Amino acid sequence: MWITQEITPYLRKEYTIEAKLLDVRSEHNILEIFKSKDFGEIAMLNCQLLFKNFLHIESELLAHMGGCTKKELKEVLIVDGFDLELAHQLFKYDTRIDFVQADEKILDSFISFFPHFHEVKNNKNFTHAKQLLDLDIKKYDLILCLQEPDIHKIDGLKRMLKEDGVFISVAKHPLLEHVSMQNALKNLGDFFPITIPFVAPLRILSNKGYIYASFKTHPLKDLMTPKIEALKSVRYYNEDIHRAAFALPKNLQEVFKDNIKS
């Protein structure tokens, strides 16, 4: 049996699977989990694939991209996603996490897929809310948006950031869909003086790119190496990975020269 991942409208990958382990459907989402010989379990969420053996790559990169460029990480907001492993990584800092996800049925169906599901959900500093309006009014050090936000969402979320806060959002991969990345950079650039694209180096199974945005904090100039060296139980993230994430080939430097703000 095979499952197909759509990388772009014109590019697809196929993966061999052995069996389907789970099929859960809600009003807005479809989650299927498969058993794979090469990749362990594979979750397909609305045609996007998550590989259980490689969950740590994105969660470590995004968590510590924010955590190691900020002196303090006291308040974190995660919206538009299901990745509880991201929260697990963020708990390496002395932080409180607000996690906004309305689809409890799908979130709870990841119970056996996310290795630290119970640990995160039971943490006293973790709050799960169905919508932003359910949360106390506060300012955040770090906001992570796990789907590409439109300008209205950007406008709302940036008002929730502290003056030196960091906003990280998912975008299209800059190499595969550079026009979409350009548009995402332009949208964020209308609200932030610092907007820089990055990817996960050596991650070959993803079609995602990301954008680091901030009013004051710079992902390279403000990187704190001692914080990186103090991290424990990480398998992917280090200083080299952090810096390499922002490297662009010459042709993309030219493509994005009017969109990157640093």
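Numbers run from 1 along the shown chain.
Cβ from N, Cα, C; glycine included.
Here Swiss-Prot flags Asp155 as active site, proton acceptor. For Asp155 (active site, proton acceptor), the Cβ neighbour count at a 10 Å cut-off comes to 13, with all displayed protein chains included. DSSP classifies Asp155 (active site, proton acceptor) as helix under the three-state reduction.
Per Swiss-Prot, S-methyl-5'-thioadenosine binding site is recorded for Asn29, and the stated evidence type is sequence analysis. In the three-state DSSP reading, Asn29 (S-methyl-5'-thioadenosine binding site) counts as coil.
If you look up Swiss-Prot, you'll see Asp83 marked as spermidine binding site, on the strength of sequence analysis. Close to Asp83 (spermidine binding site) in the fold, though at least 6 residues off in sequence, lie Leu55, Glu58, Ser59, Phe114, Leu146, each with a CB less than 8 Å from its CB. When secondary structure is read from DSSP and collapsed to three states, Asp83 (spermidine binding site) falls in the coil class.
What Swiss-Prot records for 1-249 is domain 'PABS', and it gives sequence analysis as the kind of evidence.
Within 10 Å of the C-beta atom of Asn29 (S-methyl-5'-thioadenosine binding site) sit 16 other C-beta atoms, taking all shown protein chains into account. Across the structure, Asn29 (S-methyl-5'-thioadenosine binding site) and Asp155 (active site, proton acceptor) are spaced 25 Å apart at their Cα atoms.
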